[in-house]
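> The structure that follows is given in the form of C-alpha cells.
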Amino acid sequence: MRVTDVTLENFKCYEDAELDLSTGITVVHGVNGSGKSTLLEAIFFALYGSRALDDRTLSDVVTTGATSTAVELGFTHDGERYRIERRVTRRDERTSTTKCVLEGPDDQIEGARDVRAFVASLLRMDATAFVNCAYVRQGEVNKLIHASPADRQDMIDDLLQLGALETYRERASEARLGVKDVLDEVRGQATTLDEQIEAKREKNLHDRLNELETERAEIDEAIDRYESQRETAVETRDAAEAVLETHEEVRAEIDELTAEIETLREKIRETASDREAATDDIADLESTRRELTERRSTVLERVSIDDESTVAARLDALADRETEIRDELEDVRVAISEAQSAAERHRETASTLESDAEAARERAEELKTSITDARQTIDERESALADLDEEIEVERARFDDAPVDFGDAADHVETLRSRADELDEQVADVRAERTALVAAIEDAEALLAEGQCPECGQPVDDAPHVTGLEDKRAEKAALDDRLSALREERADLEERIDRAEALHEAERRVERLRDNRETTAQLLAEKRETVGEKEEQYEDLLAEAADAESEADTAHDRAADLDSDIDDLRDRLGDLNGTQADLREERTALETAQDCTEQIEACDRQIETLRERRADWETMNDERRTQLSAARDRRDELRDSVDEDRLETARDDLERADSYIEQVDETLSDRRERRSEVQSAIGAVENELEELESLEARRAAVADRLTAVESVYEDAETLQETYGTLRTDLRQRNVETLERLVNETFDLLYQNDTYAGIDLDGSYRLTVYQKDGDPLDPDQLSGGERAIFNLSLRCAIYRLLAEGVDGSGPLPPLILDEPTVFLDAGHVGQLVTLVETMRDLGVEQILLVSHDEELVGAADELVHVTTDPTTNRSAVERRKTDLARILAE
Ligand SMILES: Nc1ncnc2c1ncn2[C@@H]1O[C@H](COP(=O)(O)OP(=O)(O)OP(=O)(O)O)[C@@H](O)[C@H]1O
Ligand SMILES: [Zn+2]
C-alpha cells in the first residue's frame, strides 16, 4: 500500500494543505509545533476515522474557530487506486461525521462504519493493529515491548491471520457441542423407547384380548335371551290392558247415563212446578180483569154514558171545547192587563199634572215677592235722580257771574297760564339786563374813582366819558320801574288763575254728576221694564196652574171608568174558569175509562199467553218421560254386561307382566353396561398393541439416526482438533521464523555489542541474552537500546509479513514519528540502515518525522513544514533532496 496524496481543509493547524507523496523514504521536518505529527495523524484519521483518535474527540481535529474539516486521502493497493474523503462538521454542541466516502476500482462505499470495515479488511489491520505494526506514534516507540505476552500473541496472531484459525476451531467446537446435544437427545429417545416397549410387552396383551372377546360373546347370548322373554311379557301386558280399558269405558257410560237420568227427572219436576205457577197467575189476572170492568162502569155512569164505544168521540168533542175556553180565558186576561196599565197611566198623568200646577203656583209666589222688591228699588232710584239734578244746578250757578261761560273754563285757565309764563320770561330778561347794568355801573364808578375812563381805561383827562355813566343810571331806574310793573301784573294773574281753576273744577264735577245721573236713569228704566215682564209672567203661571188642575181631574175620571171595566172582566174570568174545571173533570173520567179498557185487553192477552205456555210444557214433559225410560233401559243392559271374573284375571296378568318387565330391564341394563366395558377394554388392548408396533418402528428409526449422529459427532471432533493443531503448528513456525528474523535484524543493528541473541518462546515472551550467557528482560535495556530493540521487532514482523503466510497482501507504509529521540549518533546510523533494509525488503513507502540530519540525508524526498507566524497556520512544501544544501543549513 502507498499513500499518493493527502489534502487537508481546516484540519487542526492546517487551513488548506495539499501534499503528494512518492515511494521510498520521505522525511518530514520542521521546527517544533509546526504541524509534522498532525500530517501523519491526518493520514491515520483518513483511514480509520474516530478510531484513530484514541481518547480524543472528533471536535479536536476541527481547527479552532472553524465549523467543519475535511481530509482527502489517495492511495494505491495491490495495483488498484482508492480515494477516501471524510468531512466532520460541528453543529451546536455536537460534532459528527457528515460525509465519508471511499471510491474504489469497483464501487463506492458510504458511511463511516462501512468505510472503516472495508479499510480494515483491505489492509488486514484494524486501527489497533495499524498503530502496533505500521505506525509508531511519537513517544510510543516501546509499545511492543511493554505489551503483555498475551496481547503480543493476539496482535501477531491477528497480523498473521492465525486468529481466523482459532475462530474456525471455536466454530468446530461449537458445532461439536451442538451435535453432542443432538446425540444425547437421540440416545435419550432410544432409552425411553426401550423402556416403553418393555413395559408393554410385560402386559401379555394378546392373552388378555382373547379373554375379553370370549366374555363379550357370552354376554351377547344372554342379552338375546332376555330380550325375547321381555317381548312375551309385553304382549301379555298389552292384552290385559285392553280388557281393563274396555271395562273402564262401560263404567264411564253407566255413570254418564245415571247423570242423564237425574238431569231429566229434575227438569220434569221444574216444568211441572212452572205449570202450577202459571195456573195461579191466570186466576190472578182474571180477578184483576173483573175489578177493572167494574171500575169502568162506575166512571161511565158518572158521566152518563152507557155505551163505552162513544167515549173516544166524546173526548174529541171535549178537547175542542177546552181549546175554545182556553183561548177566551187568554183574551180576557190580556184585556184586564191592558185596562190595568191604561188606568195606571192615567193616574200617573194626573199626578204629574197636579205637581206641575203646584210648581207653577210656587213660582208665581216667588215672582210676587221679587216684584215688590223691584218696586221699592224704583222709588229709591227716582229720589237719587232728583238729588243729582239739584247738585248739578248748584254747580252751574257758579258761572252766573263768571268771566267765562260754562264749558270754556279749561281754555281760560290755559290762556292765563301762558300769559303767566310770558311774564316770568320778561321778568327774568329784565333782571338779567339789570344785573349786567349794575355790574357795569360798579366798574365805571371804580375806574372813575381811580381817575380812568370808565369806557376805554385811559386817563379821564384825555377823554371825557362821564356822560355814559349817567345814561346807564337812568337806564337802570327805567328797568327797576318795568320790573315792578311786571311783578304786579304777575300777582294779579296768579289770582285770576286760581279763580279759573275753581271754575274748571266745577265743570268737571258737573260732568261727573251728569254721568251718574245718566247711569241711574238707565238703571231705573231697566228696572221698570223688568217689573212689567214679571207681572205678566205671574199672570201666566196662575193660568197654567189652573189648566193643569182641570186636566188632572179629567185623567182621574178616565182611570175610574177603566177600573169598573176591569171588574166586569174579572167576573167573566171567574165564569170561564168554572167551565174549564168542569170540562177537565169530565175528561179525567173518560180517560180513566179508556185506561181500564186498555188494561182489560192486556190481561186478556197475558191469560192467553200463559195458557199456551202451559200446553207446551205438558208436551215437553211427555217427551222427557220417554227419554228417561230409554236411559234406564240402556243402563240396566250395561250393568248386566259386566264380567267380574275376567276382570280379575286381567288385573293379575297386568301386575305380573309389569313386575317381570321391570326386573328384566334391570338385568338387561347391567348386561349391556358390562358389554360396553368389555368392548372398551378390548379397544384399549387393541390400541396398546398398535402403540407397541409403532414404538418398535420408531425404535428402529432412532437406531438409524443414532448411528448417523454419532458419525457426525466424530467428524466435528476431528475438525476441532485439526484446527487447534494447525494453529499451534503455525504459531510455532511463526515463532521460530520471527525469532530468526528478530535476531538477524538485531544483529544488523548491534554487530559489535554485548548481546549474543534474542529468544522468543511459544507465547511470544522475549528474552535477551548477553555475551556471557545471562538472560535479560527487554525492560532492563537502556532507553536507546529499547527503541532499537523495538524497531527490530517491528521490522522482523514486517519481514515475517513479507515472507508471509499464504496470500498476504502488499505491506502497509512504515510510519515513524520521531524515532530517533532516544538514539545516539551511532544508533541513528543503525536506524538508517534498518529503514533502508525495510525499503529493500519491499516496504513500498516509509514516512518519517525527524529533524535528524542523518535521517534527512537518507531521504529520497523531503517535506518541509512551516508556520505562518501571523496566522499560526501550517504549510507543507516538497523539496528534492539536496544533501549539501541541507547540511549547509
Ligand atoms: N484543533 C486545532 N486547531 C488549531 N490548531 C491546533 C489544533 N490542534 C492542535 N493544534 C496546533 O497544531 C500545532 C502543531 O502540532 P504538531 O504536534 O503537529 O506539531 P509538530 O510539528 O509535530 O511539533 P513537535 O516537533 O514539537 O512534535 C500545535 O502548535 C497545536 O497547538
Ligand atoms: Zn378811553
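Here the Cβ of each residue, glycine as well, is placed from N, Cα and C on the backbone.
Residues or ranges marked as ATP binding site by TrEMBL: LYS12, ASN32, GLY33, SER34, GLY35, LYS36, SER37, THR38, GLN138. Look at TrEMBL and you will find CYS453, CYS456 tagged as Zn(2+) binding site. The coiled coil feature in TrEMBL is assigned to 183-302, 329-433, 469-648, 675-705. Under the heading domain 'Zinc-hook', TrEMBL lists 406-505.
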> Between the Cα atoms of GLY35 (ATP binding site) and CYS453 (Zn(2+) binding site), what distance do you get, rounded to the nearest Å?
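One finds 152 Å between the Cα atoms of these residues.
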> For the recorded ATP site, enumerate neighbouring residues of the same chain (Cβ within 8 Å of the Cβ centroid of LYS12, ASN32, GLY33, SER34, GLY35, LYS36, SER37, THR38, GLN138, site residues themselves excluded), in sequence order.
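Leaving out the recorded residues gives CYS13, GLY30, LEU39, VAL865, SER874.
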> Cβ pairs under 8 Å only, please: of the recorded stretches 183-302, 329-433, 469-648, which one is richest in them relative to the coiled coil (675-705)?
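It is 183-302, which has the most Cβ pairs under 8 Å.
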> Expressed to the nearest Å, what is the distance separating SER37 (ATP binding site) and CYS453 (Zn(2+) binding site) at their Cα atoms?
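Taking the Cα atoms only, SER37 (ATP binding site) lies 157 Å from CYS453 (Zn(2+) binding site).
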> Find the average pLDDT over the coiled coil (675-705) in the predicted model and report it.
91
> Would you mind listing, in sequence order, the residues at least six apart from GLN138 (ATP binding site) in the same chain with a Cβ closer than 8 Å to its Cβ?
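Same-chain residues close to GLN138 (ATP binding site) (Cβ under 8 Å, separated by 6 or more) are SER37, ASP817, GLU818, VAL849.
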> Under DSSP, the domain 'Zinc-hook' (406-505) has how many residues in helix, strand and coil?
82 helix, 2 strand, 16 coil
> Checking the spread of the ATP site as listed (LYS12, ASN32, GLY33, SER34, GLY35, LYS36, SER37, THR38, GLN138): what is the longest Cα-Cα distance, in whole Å?
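About 17 Å separates the two most distant Cα atoms.
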> With H, G and I counted as helix, E and B as strand and the rest as coil, say where DSSP puts SER37 (ATP binding site).
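SS state of SER37 (ATP binding site) = helix.
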> Identify which of the following binding-site residues, namely LYS12, GLY33, GLY35, SER37, CYS453, place a Cβ less than 6 Å away from any atom of ligand 1, and list them by sequence position.
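LYS12, GLY33, GLY35, SER37, by Cβ distance under 6 Å.
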> So which binding-site residues out of LYS12, GLY33, SER37, GLN138, CYS453 are up against ligand 2, CB under 6 A?
CYS453
> Take the Cβ of SER37 (ATP binding site) and count every other Cβ within 10 Å, whichever protein chain it belongs to.
17
